[in-house]
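Before any comments, here is the structure.
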């Protein structure tokens, strides 16, 4: 439970808020940067349920927070509560980064930047004409926006619940076509980029054989495959792609890069996503599995 009696400090203090929150890597990322750059500051995880989220958001400035990150299940509510939403948050319809400008609560969504920056790191020439995206949840919104900004002319959207995909395609307008989950083999060969935003096969590795199997042998040999899930680092989706000789990018970098936007705003330094940071987070993940 969030402690609304936290004392104010002379240095910046930021948060990540969600429920559950114990699994969040954000405190490790931000505190790594604070130490690296020799900055006075603090970044704390705050467990806040949906019933208490509104109160937390309207109170955090009074108890010494300058802003923070928002994770599940609060991103859409954070967007609704903000006085100012930038273009990215407005298009996505959800916010994961908050700060104050005067008395106005401001919001953006850094997932779009995080997704693109991660691919820039590992495949700087990523792009093309056609992309294939699996999933139609909140993360898919951020990625569809990133792909449209990158200039993809055709984006195929596939989701087990077709109506959700239809709604998302309608929200983003032209160039997005919804395709049947069980007919992906008909379009797989066209994709220059293949993105998974679902948790298929993560909790149950055998799930892919019953509900979904992507035959990457039918994909372009030059196709790039990425999964936004980073636990495990190499998901079943990426394993399938690797086994067919395709280049893959894991989802950890998206998490690291999306944190840059908030850190710069709260602490005044634009941090770098380095191998040292990635190694530190991977070590934490390894310890959690033991």
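Each residue, glycine too, has its Cβ placed from N, Cα and C.
Per Swiss-Prot, the NADP(+) site holds 135, 136, 137, 138, 139, 159, 160, 161, 162, 163, 164, 228; the candidate it also names there, chosen from 102, 114, 251, 253, is 251.
The binding residues for NADP(+) are recorded as 135, 136, 137, 138, 139, 159, 160, 161, 162, 163, 164, 228, 251; their greatest pairwise CA distance is 26 Å. Within 8 Å of the centroid defined by the CB atoms of 24, 25, 26, 71, 96, 111, 230, the record's shikimate site, lie the Cβ atoms of 16, 69, 255, 258, 259, excluding the listed residues themselves.
Taking only the Cα positions, the spacing between residue 96 (shikimate binding site) and residue 164 (NADP(+) binding site) is 21 angstrom.
When the binding-site residues 137, 139, 160, 162, 164 are screened for a Cα within 10 A of the Cα of residue 111 (shikimate binding site), the ones that qualify are 139.
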